[in-house]
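According to Swiss-Prot:
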| type | residues | note |
| --- | --- | --- |
| BINDING | GLY51, LYS52, GLY53, SER54, GLN263, ARG302, ASP315 | ATP binding site |
| BINDING | SER75, GLU145 | Mg(2+) 1 binding site |
| BINDING | THR114, GLU115, TYR116, GLY117, PHE152, ASP153, SER154 | 7,8-dihydropteroate binding site |
| BINDING | HIS172 | Mg(2+) 2 binding site |
Amino acid sequence: MFTAYQDARSWIHGRLKFGVKPGLGRMKQLMARLGHPEKKIRAFHVAGTNGKGSTVAFIRSMLQEAGYTVGTFTSPYIITFNERISVNGIPISDEEWTALVNQMKPHVEALDQTEYGQPTEFEIMTACAFLYFAEFHKVDFVIFETGLGGRFDSTNVVEPLLTVITSIGHDHMNILGNTIEEIAGEKAGIIKEGIPIVTAVTQPEALQVIRHEAERHAAPFQSLHDACVIFNEEALPAGEQFSFKTEEKCYEDIRTSLIGTHQRQNAALSILAAEWLNKENIAHISDEALRSGLVKAAWPGRLELVQEHPPVYLDGAHNEEGVEKLAETMKQRFANSRISVVFSALKDKPYQNMIKRLETIAHAIHFASFDFPRASLAKDLYDASEISNKSWSEDPDDVIKFIESKKGSNEIVLITGSLYFISDIRKRLK
């Protein structure tokens with residue numbers, strides 16, 4: 001029995017990161033031992049290589065503006081560990097986490113002794129989320145974001161009302177597969193019998209895989225790019241604006257506060273999701289709530305301005321496609337500015353290609369490391385770069401010194417490469 005939050009959290013972090021046996025067997029056993037909390041909630045399930053967090057934020061915000069109470073389970077965290085489980089965007093308390101772990105611990109330890117093996121850290125956190133929304137704090141809807149992939153992700157015991165797949169890109173290829181088709185197959189593993197699926201995936205080969213899986217499960221399928229048009233796109237000083245035509249209606253001058261050309265697509269996909277919820281009488285989201293929700297939606301670490309002198313932006317782009325979209329946005333928004341990039345990445349990411357894309361927008365790059373088991377060495381990143389104006393340090397505190405050196409220079413500082421890295425730097429900046 002834990003009385004201290006830090007002890008409860010340490011117990012979670014002390015668990016295995018990956019299961020000895022892949023699959024959903026342990027999660028299904030945990031759910032059964034807990035009285036099947038996954039069957040007691042009204043949920044939506046969101047998967048995809050990039051755009052998951054922003055799409056969750058958009059859908060949550062629209063539902064909130066329509067008067068609903070919305071829970072979310074997301075990962076990784078950017079500001080606090082507790083934000084993984086939130087209600088209306090507010091993280092649960094230390095006391096609630098401790099109570100959840102105390103209820104979970106005996107079931108986990110009993111499962112340790114079975115043929116299913118030890119539940120992992122992420123499985124336990126996911127089970128805590130199901131338990132929280134089923135018993136501790138009942139809400140109108142819960143949005144679950146997958147952690148990795150889809151088919152065998154621990155969130156995939158959910159019985160959703162709607163499934164969303166944001167995008168398919170090259171990430172976690174050592175686990176999900178080497179081709180776009182293989183990765184799409186893993187993401188499409190969240191499609192359930194008869195449950196509607198909406199997607200913003202663009203690649204024809206990936207769409208074919210998702211469409212086939214939807215047909216196999218008799219799941220109504222809608223593709224953003226098949227049936228909808230985004231037009232009149234414009235970058236605003238503090239967000240994006242676009243118009244959007246679906247099979248149902250035309251939305252003129254939609255605005256978001258999240259910055260980036262890719263956020264228009266995430267917002268459009270969220271509108272498509274809202275249309276489904278309205279059409280199926282699952283929720284009622286008025287046009288006013290939809291528009292207001294998209295403007296009010298916020299998500300930390302997505303081209304987030306965290307300091308003004310000098311301007312410092314944090315962005316969690318952590319794979320090739322994410323960095324490509326980031327570079328595209330920076331070119332569009334800051335064409336006449338000098339940009340200094342601070343970069344770090346995990347060892348298993350294609351950081352050489354990520355660096356190449358950032359070199360197209362950077363005046364200078366400072367390479368850093370951070371305290372994480374899979375973090376790259378700053379020197380390795382430095383050696384992979386061909387830009388002439390570059391520096392490196394293994395000490396994350398030197399990032400703060402690098403930023404301070406830019407005061408009065410009219411340069412923009414962009415910190416990117418890993419969600420874990422920007423979370424670490426965010427704390428140091430505060």
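Keep in mind that glycine also has a Cβ here, set from the backbone N, Cα and C atoms.
Structure coloured by features recorded in Swiss-Prot.
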{"residue": "LYS52", "record": "ATP binding site", "Cβ within 10 Å": "22"}
{"residue": "GLY53", "record": "ATP binding site", "Cβ within 10 Å": "25"}
{"residue": "SER54", "record": "ATP binding site", "Cβ within 10 Å": "25"}
{"residue": "SER75", "record": "Mg(2+) 1 binding site", "Cβ within 10 Å": "17"}
{"residue": "GLY117", "record": "7,8-dihydropteroate binding site", "Cβ within 10 Å": "15"}
{"residue": "GLU145", "record": "Mg(2+) 1 binding site", "Cβ within 10 Å": "22"}
{"residue": "ASP153", "record": "7,8-dihydropteroate binding site", "Cβ within 10 Å": "25"}
{"residue": "GLN263", "record": "ATP binding site", "Cβ within 10 Å": "27"}
{"residue": "ARG302", "record": "ATP binding site", "Cβ within 10 Å": "24"}
{"residue": "ASP315", "record": "ATP binding site", "Cβ within 10 Å": "23"}
(request) Given the binding-site residues THR114, GLU115, TYR116, GLY117, SER154, state which is nearest to LYS52 (ATP binding site) when distance is taken between Cα atoms. (result) SER154
(request) Going by Cα-Cα distance, pick out whichever of the binding-site residues THR114, GLY117, GLU145, PHE152 is nearest to GLY51 (ATP binding site). (result) GLU145
(request) Do me a favour and check the Cα-Cα span between SER75 (Mg(2+) 1 binding site) and SER154 (7,8-dihydropteroate binding site); whole Å is fine. (result) 12
(message) Spatially, and counting Cα to Cα, which of the binding-site residues is closest to ASP153 (7,8-dihydropteroate binding site)? Options: GLY53, GLU145, GLN263, ARG302, ASP315.
(response) GLU145
(message) Please report the distance from the Cα of GLN263 (ATP binding site) to the Cα of GLY117 (7,8-dihydropteroate binding site), rounded to the nearest angstrom.
(response) 40
(request) Identify, in sequence order, the residues in the chain of THR114 (7,8-dihydropteroate binding site) that are 6 or more apart from it along the sequence and have a CB within less than 8 Å of its CB; answer 'none' if there are none. (result) GLN29
(request) Report the largest Cα to Cα distance, in Å and rounded to a whole number, among the residues THR114, GLU115, TYR116, GLY117, PHE152, ASP153, SER154 that the record lists as binding 7,8-dihydropteroate. (result) 20
(message) Around GLU145 (Mg(2+) 1 binding site), which of the listed binding-site residues (GLY53, GLU115, TYR116, GLY117) come within 10 Å, judging by Cα atoms?
(response) GLY53
(request) Using DSSP with the three-state reduction, classify ASP315 (ATP binding site) as helix, strand or coil. (result) strand
(request) Whole-number Å only: compute the distance from the Cα of SER154 (7,8-dihydropteroate binding site) to the Cα of GLY53 (ATP binding site). (result) 17
(message) Sequence gap of 6 or more, Cβ distance under 8 Å: name the residues on the same chain that satisfy this around GLU115 (7,8-dihydropteroate binding site), in order along the sequence.
(response) none
(request) Using C-alpha positions only, work out which of the binding-site residues GLY53, SER54, ARG302, ASP315 is nearest to GLY117 (7,8-dihydropteroate binding site). (result) GLY53
(request) Could you list the residues of the same chain, at least six apart in sequence, whose Cβ is under 8 A from the Cβ of PHE152 (7,8-dihydropteroate binding site)? (result) PRO22, GLY23, LEU24, GLU186, GLY189
(request) May I ask for the distance between TYR116 (7,8-dihydropteroate binding site) and GLY53 (ATP binding site), taken between their Cα atoms and rounded to an integer number of Å? (result) 31
